[in-house]
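As recorded in Swiss-Prot, the features of this protein are as follows:
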- 317-330: compositional bias 'Acidic residues' (COMPBIAS)
- 35-103: domain 'Importin N-terminal' (DOMAIN)
- 317-337: region 'Disordered' (REGION)
- 14-40: repeat 'HEAT 1' (REPEAT)
- 45-83: repeat 'HEAT 2' (REPEAT)
- 92-125: repeat 'HEAT 3' (REPEAT)
- 131-168: repeat 'HEAT 4' (REPEAT)
- 178-208: repeat 'HEAT 5' (REPEAT)
- 221-248: repeat 'HEAT 6' (REPEAT)
- 260-287: repeat 'HEAT 7' (REPEAT)
- 389-420: repeat 'HEAT 9' (REPEAT)
- 432-459: repeat 'HEAT 10' (REPEAT)
- 477-510: repeat 'HEAT 11' (REPEAT)
- 703-740: repeat 'HEAT 16' (REPEAT)
- 748-784: repeat 'HEAT 17' (REPEAT)
Amino acid sequence: MAAAAALWQPQEEGLREICTLLDAHISPNSDQARIWQQLQHYSQFPDFNNYLVFLLARGEGKSFEARQAAGLLLKNNLRATFSSMPPASQQYVKSELLPCIGATNKAIRSTVGTVISVLFQIVRVAGWIELFQALHQCLDSNDLDHMEGAMDAIYKICEDVPEELDVDVPGLPERPINVFMPRLLQFFQSTHAILRKLALGCINQYIVVMPAALYMSMDQYLQGLFNLAKDPSADVRKLVCSAWVQLIEVRPSILEPHLKNVTELMLQANKDSDDEVALEACEFWSAYCDVSMPPEGLREFLPRLIPTLLSNMSYSDDDESLADAEEDESFPDRDQDLKPRFHASRLHGSETGEDDDDDDAVNVWNLRKCSAAGLDVLSNVFGDDILPTLMPLIQQNLARTDDDAWKEREAAVLSIGAIAEGCITGLYPHLPQIVAFLIPLLDDKFPLIRSITCWTLSRYSKFIVQSLEHPNGREQFDKILLGLLRRVLDTNKRVQEAACSAFATLEEEAAEELVPHLGIILQHLMCAYGKYQRRNLRILYDALGTLADAVGAELNQAKYLDIFMPPLITKWQQLANSDKDLFPLLECFTSIAQALGPGFSQFAEPVFQRCINLIQSQHLAKVDPAAAGALYDKEFIVCALDLLSGLAEGLGAGIESLVSQSSLRDILLQCCMDEAADVRQSALALLGDLSRVCPIHLHPRLQEFLNVAAKQLNPQCVKEAVSVANNACWAIGELAIKIGKEISPVVITVVSCLVPILKSPEGLNKSLLENSAITLGRLCWVCPDIVAPHMDHFMQAWCNALCMIRDDFEKEDAFHGLCAMVAANPTGAVGSLTFICQACASWNEIKSEGLHNEVCQILNGYKQMLGSGGWEQCMSTLEPAVVQRLGRYGV
């Protein structure tokens with residue numbers, strides 16, 4: 001190829017070769033890997049990008065598809081290599097793109113706009129002044145292609161880097177956005193829909209950053225939005241709705257004077273014949289409520305808004321769910337049916353987050369779901385006040401029993417579920433009637449009515465369990481439980497999924513109330529296990545794991561184990577180490593191991609060894625995929641580590657024989673140093689669990705474990721991976737209790753990291769704050785002589801954190817440390833006495849008699865040290881309730 005020069009020209013042979021490759025590249029039957037390899041070869045030549053831009057800009061006679069392919073390849077190349085290109089080539093690419101802004105072919109114009117946007121992100125305004133001159137010329141022309149091409153390029157720049165047009169640039173009299181803004185607003189009145197759309201799209205990109213150019217033109221912009229609200233183009237109407245939603249989210253004060261008019265427009269747009277416009281408008285109601293606008297402004301619209309939402313909650317005729325709903329269990333799952341799954345790494349001290357209870361989270365967000373979410377939000381804001389409008393509509397829809405009205409009936413059931421939380425005060429007295437009405441719908445002929453009924457019942461699970469002691473409450477609970485189990489065995493895959501998810505929700509709420517029903521529950525779940533396909537098996541594993549979490553050791557009976565363990569073990573043995581269907585099974589076994597406790601020991605050895613093998617095979621795959629026979633996937637490691645933690649928690653010291661005969665210690669240390677945060681997080685959780693039950697087997701590499709864990713607590717690591725830091729902190733505390741003074745080499749390092757966490761402003765991870773306070777206490781307890789000289793740096797913040805921790809054995813450990821600190825240096829702690837008193841008063845009851853006596857000694861010691869006058873002065877600074885609680889310690 002020719003070298004780049006001021007007057008660069010392509011060589012015919014090179015041009016022909018690249019054209020041939022590009023033609024092959026866009027052919028569906030070609031060997032893409034080979035072509036890509038050849039393109040990579042050509043990309044080594046310094047003027048390769050010159051050829052690509054030449055083809056894009058001047059490729060007359062070539063197919064538009066090949067020219068477009070050249071442009072897209074150029075875009076990717078520029079992103080990766082522009083800064084290292086010869087200056088002459090850089091200039092050539094820029095100069096060739098500008099004349100093509102107004103190309104007659106729309107696909108070429110669009111590709112040029114995309115390339116310009118990518119190149120602009122690299123060179124910015126100052127590096128390409130000529131671009132803005134060219135854009136101005138195109139906007140000033142009366143040629144639609146030129147105007148559209150310029151607007152398309154500006155839109156893509158605004159979309160990617162809007163802030164870059166709002167900068168002062170040497171050589172330009174004004175910021176680019178100041179020049180463009182009036183032109184964009186003028187285009188609101190264009191007779192061409194594409195220009196109105198692009199102009200509005202450009203300005204909408206600036207709502208969040210709000211440059212002065214837009215702020216100063218706000219009245220004109222708002223008036224433009226009002227004028228475009230009834231635009232004949234659905235694309236424009238959609239962007240108008242998007243603008244109102246963004247404005248109320250980030251600049252509600254701007255909308256307040258116009259709120260009534262805007263709300264009226266959005267209500268009308270919510271009924272738009274175009275579903276995308278209606279969807280965008282529907283987002284307004286949740287946004288309105290989320291920014292805490294005065295709800296009274298919306299109240300007058302409720303009688304018209306609620307019927308609109310309910311109407312839009314019916315399935316549209318082209319909803320993809322309608323086709324899916326017809327699939328029964330005989331239809332094999334396709335790969336695309338499997339939802340992406342995300343394993344949550346083990347976190348010590350965290351509350352389990354609630355699952356998204358959307359009835360069909362896998363599918364695309366649509367008007368039906370947005371309307372249901374809007375009704376949910378309105379019910380939480382207005383509570384029972386929406387019931388007089390909503391309930392007659394629901395009853396009217398439910399009364400329509402003809403087959404043609406099934407979508408309206410289904411929407412009515414969905415709405416009953418949507419208002420479960422917000423309207424429960426008004427609905428609770430009628431819960432028996434609601435449940436009595438819903439249960440027969442579990443057997444409706446339409447599968448989507450059966451599935452939504454499962455979801456709606458799950459939304460009331462908490463309240464159904466609360467009603468158990470009411471008259472007929474237990475009978476009601478039993479009917480729901482059996483009804484959902486019946487649907488778990490439905491022949492329709494969609495209903496199976498909804499029933500299984502709903503049953504898992506009921507399990508979480510019911511907990512020990514499930515114990516009398518364990519036999520029938522397990523029989524149904526394992527019957528489903530024999531017939532479910534891959535997608536629903538994942539949900540079934542979750543239901544089994546949730547059941548184990550809910551009933552705990554009650555599951556540890558031979559009559560139950562015989563029902564569910566043999567099928568699980570069979571599946572466990574069938575799945576290869578590289579099969580991703582292992583993930584949900586590993587998670588399920590984790591819950592079962594914790595629930596069964598020592599009862600899991602009969603299954604433990606093969607499960608333990610499989611976990612070790614999984615981690616080892618992934619470590620091999622990381623460095624040599626061919627030898628491992630599979631690609632590296634860290635999730636296998638994370639799930640295996642978490643199951644080992646479950647075994648440690650369930651078996652307790654019973655895991656010792658398994659650990660002693662394995663290489664777990666060395667594998668675990670390697671995982672604690674992994675570059676992936678979620679691997680380190682699970683590894684450190686396992687380190688803490690093993691510290692509790694068999695610290696002796698960590699001993700040979702103890703200092704390495706301590707150093708690795710301590711490293712996770714430095715401020716940068718805490719900032720980057722707070723959950724890893726949380727588990728490291730907890731693991732160090734667990735080790736401290738077991739190994740005592742052997743932890744002394746890292747004590748000062750750890751304390752110096754914990755103090756900033758304790759002193760951090762509110763908003764830091766609550767679990768990390770609590771674990772830091774507990775671990776600091778444990779270090780103080782085992783090494784008081786090392787920590788005591790530094791107590792004035794942390795005592796007050798530490799005591800504040802101790803106040804927030806619930807009563808348990810970990811808090812007891814921390815207070816043993818507090819007492820050890822004060823005993824080691826009573827005068828050093830006297831300046832923090834009021835904080836110590838508040839911490840001591842935070843207990844509801846200290847169960848440990850020894851600790852109670854220690855606290856009594858500390859407080860009485862200070863009372864004697866200060867004398868009656870000093871003590872009374874200290875007490876006068878405390879809340880009366882705190883002083884009253886301190887009376888329990890004899891002061």
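Cβ from N, Cα, C; glycine included.
The model shown is predicted, which means the values in this text are computed figures rather than measured ones.
With pairs at least 6 apart in sequence, the repeat 'HEAT 6' (221-248) and the repeat 'HEAT 7' (260-287) have 3 or more Cβ pairs within the 8 Å limit; the two touch. Distant neighbours of the repeat 'HEAT 16' (703-740): 345-350, 669, 672-673, 677, 680-682, 684-685, 687-689, 691-692, 695, 746, 749-750, 753-754, 756-757, 764-765, 767-768, 771-772, 774-775, 778-779, 781-783, 810, 813; these residues of the same chain sit at least 6 beyond its ends, with a Cβ under 8 Å from one of its Cβ atoms. For the repeat 'HEAT 2' (45-83), the most Cβ-contacting stretch among 92-125, 131-168, 178-208, 389-420 is 92-125 (pairs under 8 Å).
For the repeat 'HEAT 4' (131-168), the partner stretch with the most Cβ pairs below 8 Å, chosen from 92-125, 178-208, 432-459, is 92-125. Long-range Cβ contacts of the repeat 'HEAT 5' (178-208) within its own chain (Cβ-Cβ under 8 Å, at least 6 residues beyond either end) map to 132, 136, 139, 144, 147-148, 151-152, 154-155, 158-159, 162, 165-166, 214, 217, 220-221, 224, 227-228, 231-233, 235-236, 239-240, 242-243, 246-247, 250-251.
Averaged across the repeat 'HEAT 10' (432-459), pLDDT in this predicted model comes to 96.
Within its own chain, the repeat 'HEAT 3' (92-125) is flanked in space by residues 4, 8, 49-50, 53-54, 56-58, 64, 67-68, 71-72, 74-75, 78-79, 82-83, 85, 131-132, 134-135, 138, 141, 143, 145-150, 152-153, 155-157, 159-161, 164-165, 167, 169, 172, 176, which lie at least six positions past its ends and keep a Cβ under 8 Å from the stretch. DSSP places the residues of the repeat 'HEAT 10' (432-459) in helix, strand and coil in these numbers: 23 helix, 0 strand, 5 coil.
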